[in-house]
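Below is one structure, written out as structure tokens; the observations come after it.
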Amino acid sequence: MVITASEAHPFLPSLGDPTAIAEEKALHQDIRPLEIAILNLMADKQTTELQLARWLGHTPLQVRLTFVTTDSYVASVKAGHKSKSTPSEHISKYYNAWSDVKDRKFDGLLVTGVNLLDADVTSEGIWDEIQEIFNWSKTNVLSSMYICWAGFAAMRYFHDIKCHNGKTKTLGVFEHGIEADSADLLFGLPDRFPIPVGRWQRLHRDKVEGYKALELVSCTDDGDIFLVAENKAFKKGCKTYPRRIFMFNHPEYDTDTMKKEYLRDIKSFPDLPIPPNYFPDDDIEKTPINTWRYTAAIYGNWIKSLYEATPYDINDIPEACE
């Protein structure tokens, strides 16, 4: 939405104002499906697919999803590897190896987390492949969203910012506040909101404050970060869009996702505390109440920003990324 008038409106987006989209997009609307690649690193790929697709598709804009996984994972499936969580047939039917899509352009790239424990993300076996994909995204993707472990890996790759591990896994539903939000990623959310957290790594706000390229969007009162954005302008003097989003928590979680995660983890870590603010009365026999569902609006807000920023000709994306 923009306001047309002889001069800029005092408080609504007007043509030529930095809060508005570019004038040519406001006066003429070309629409094509947005191309989104999901690099799914999770073991239970089907659950992750459903959770993400549900929210990415929850806008009036047409979105075309391409599911991708690493070349090494596809090779292992072809060699006979059987996952406990995802049937090999599902991978064969619905997934592309990264090398099969690397010559394409995408409006958006979403990279999921993966249950890896080491605070040094560079020590993980998939690090070399992840670096190659991150580098490719610089020229082939307009905007990237990195979730949980992928967020920590992207912080290390793009900004050399290191995370650390807490004394135990952070697992629960925690209240967060909004610090800044130039790209409207949290548009529609209240000033404070609950978000599910399930990760070993942590990143404190002190690590990103002072980086001019990064905007601290949201964190807890004790400084544990939920969301960081690396923003760019559509064009000089125009509205910003999130070139890269580093999201360390899980607004997309279903009501029972954390219960399954907790029951899985206590088999290996019997001292893991009951997730706070999740089970009623901290009783794991009681059905959790979903208090965070609305926070998944971040995915729709991202899709909106992609639509506003991306060129109609997807082959122009390298120029748009400059």
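We number each residue from 1, going along the chain as drawn.
Cβ atoms are placed via backbone N, Cα and C, with glycine included.
Record features, source TrEMBL:
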- Asn115: site 'Important for acyl-CoA specificity' (SITE)
- Cys148: active site, acyl-thioester intermediate (ACT_SITE)
- Lys169, Arg264: substrate binding site (BINDING)
- His250: active site, proton acceptor (ACT_SITE)
- Glu252: active site (ACT_SITE)
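Sequence features annotated in TrEMBL and their locations in the structure.
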{"residue": "Asn115", "record": "site 'Important for acyl-CoA specificity'", "CB count, 10 Å": "17"}
{"residue": "Cys148", "record": "active site, acyl-thioester intermediate", "CB count, 10 Å": "25"}
{"residue": "Lys169", "record": "substrate binding site", "CB count, 10 Å": "21"}
{"residue": "His250", "record": "active site, proton acceptor", "CB count, 10 Å": "25"}
{"residue": "Glu252", "record": "active site", "CB count, 10 Å": "24"}
{"residue": "Arg264", "record": "substrate binding site", "CB count, 10 Å": "11"}
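In the three-state DSSP classification, Lys169 (substrate binding site) falls within a strand. Under the DSSP three-state reduction, the residue listed as 'active site' is assigned to coil, being neither helix nor strand. Cα of Lys169 (substrate binding site) to Cα of Asn115 (site 'Important for acyl-CoA specificity'): a span of 11 Å.
Geometry remark: His250 (active site, proton acceptor) versus the residue listed as 'active site, acyl-thioester intermediate', CA distance 8 Å.
The two recorded residues, Glu252 (active site) and Cys148 (active site, acyl-thioester intermediate), show a Cα separation of 12 Å.
Look at Arg264 (substrate binding site): DSSP puts it in a helix. Rounded to a whole number, the distance between the Cα atoms of Arg264 (substrate binding site) and Cys148 (active site, acyl-thioester intermediate) is 18 Å.
Counting in whole angstrom, Asn115 (site 'Important for acyl-CoA specificity') lies 12 from Arg264 (substrate binding site) by their C-alpha atoms.
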